[in-house]
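To start, the structure itself, in structure tokens.
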Amino acid sequence: MSAAIAALASYGGSDSEPDSEPETEGGSQRSAAVLASRDAVLHLRAPPAAPPALPVDAAPEVAVKEDVETGVHLDPAIKEVQYNPTYETMFAPEFGPENPFRTQQMAAPRNMLSGYAEPAHINDFMFEQQRRTFATYGYALDPSVDNPEAATKYIGSVEEAEKNQGSLTVFETGQRKIEKRKKFKENDASNIDGFLGPWAKYVDEKEVAKPSEEEQKELDEITAKRQKRGKLEDDKPGEEKTILHVKEMYDYQGRSYLHVPQDVGVNLRSTVPPEKCYLPKKQIHVWSGHTKGVSAVRLFPLSGHILLSCSMDCKIKLWEVYGDRRCLRTFIGHSKAVRDICFNNAGTQFLSAAYDRYLKLWDTETGQCISRFTNRKVPYCVKFNPDEDKQNLFVAGMSDKKIVQWDIRSGEIVQEYDRHLGAVNTIVFVDENRRFVSTSDDKSLRVWEWDIPVDFKYIAEPSMHSMPAVTLSPNGKWLACQSMDNQILIFGAQNRFRLNKKKIFKGHMVAGYACQVDFSPDMSYVISGDADGKLNIWDWKTTKLYSRLKAHDKVCIGAVWHPHETSKVITCGWDGLIKLWD
């Protein structure tokens, strides 16, 4: 390297005179060597040369594949497309077999969900007018015909359209407008007596519309029928009579059948209930005499030695419970089915409520009808006031939603309890007879203070059903209510009247029937009939269904436990029989 630099320096010194020395063979060789050395040094000093720059293309041309079929579905699995596919290609249907169920209608071209609609420009009113005209008269203007002079410019019933000349639409009837009826005008409000305003009568209005001859004849027939029926019901409440079925009404000591027997093995005059009651097992007697279903049975107060029954054959019968168990007397006086009966405290009289809209007071001993009461409504239940000083008063639940209170002495209505929203089904006295509970078809239970026509307790829940039969327990603490949802519900009968949710008796079918509920005298059992004619017996403490006896062929509507017997139960049914179980 140093030799090359020195040579370059020496060469540079004679740079000013390059042609002063003649060129010889040795000199030319030396010059070539110097030039080569100089090129090498210059090469060391100069920077490296840059590579040649490529031209930049902002929009490169992409070759379109000529052999690609348009309209072919793209494979959804590929990640990169090497060409510009058309819209039809990107959204073409996938490959697969042809739909075998594809109908001609499905294959037809569609531009909307319901098919193909031709493009037509029509405003909303015209469209609605033609649609309604087509729906009403069966024809409409053809929207696809541009020329109004065309021969067939209607679709649908063309003949009907040509007959009406297309003028009859739902908005254009083609008829002249009917003139409005004229009214008397007097709109001056300052004219106090003569002002008519919008209440003015029409000029041609008739004030009395006289029926035609045929209409008058029909009206006369209806009026005559109503008057005849009303007269029959008003004038003839039902002729009362009685039949005595025993030979002698009085025995050798002058005692009638109302006398409590003392030779039956049970003290019927005792007020103490039996210590322990037992389940009835078998049928021991059948009382038959009613020709239709029996509605209710009631035992004689306190002793229970005779039995009163009312029936759909319009009769009331009195039966012996002990001895020969004969039918003692029949009371006839109602023209329709008897719904309910009730003894007074002494048992000397009883009330009957029937569908002929009459309540009748009878003498139990002689069979005489003492008096009759009606308010032209059907009585569904009747109860004497149990207080000794109020034996002249009784209440009845009526079909017109009222509870009506009558005084026997005057025969007048002395109070009305009108708060229920449906026909009243039951009335039960509670709280030492100071209050009474009523149930109704309005699915509610109401508690009333005696002689105060506003209920002080109202129980109604959305889940409650109608309760057409209610019984007070022997200890006076509980109300057993036969609910229409096939349950017996227990409500407290003191103060709060709350539902006892722990005591609900199930297992029988009573929907639609007012099956009577009763307790055993010692409060051990609850009994009830059901729609299948069975007698159901539950345990009071556990609510377990202990026993079920087939009592009647039809509905077992009534069940009563004898107050002095340990296991005697009396049932009645719609088969017309009354049965004794022990």
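Backbone N, Cα and C define each Cβ position, glycine as well.
Marked as region 'Disordered' by TrEMBL: 1-34 (among others).
Feature annotation from TrEMBL assigns region 'Disordered' to 207-238 (among others).
Sequence-distant contacts of the repeat 'WD' (287-321) (same chain, at least 6 residues past either end, Cβ-Cβ under 8 Å): 238, 257-258, 260-261, 264, 268-269, 271, 327-332, 334-347, 350, 352, 354, 362, 364, 516, 554-555, 557-558, 560, 562-564, 570, 572-580. Marked as repeat 'WD' by TrEMBL: 287-321 (among others).
Per TrEMBL, the feature repeat 'WD' maps to 331-372 (among others). Per-class residue totals from DSSP over the repeat 'WD' (331-372), listed helix then strand then coil: 0 helix, 23 strand, 19 coil.
Per TrEMBL, repeat 'WD' is recorded for 417-449 (among others). On the 0 to 100 pLDDT scale, the repeat 'WD' (417-449) averages 95 in this prediction.
Sequence annotations record features per position, and here TrEMBL assigns repeat 'WD' to 517-548 (among others). Within the chain, the repeat 'WD' (517-548) has long-range Cβ neighbours (under 8 A, six or more residues past its boundaries) at 273-277, 279-280, 469-471, 473-475, 480-482, 488, 502-511, 554-564, 569, 571, 573, 575, 581.
In the repeat 'WD' (549-582), the DSSP tally of helix, strand and coil residues is 0 helix, 18 strand, 16 coil. Summarising the annotation, TrEMBL assigns repeat 'WD' to 549-582 (among others).
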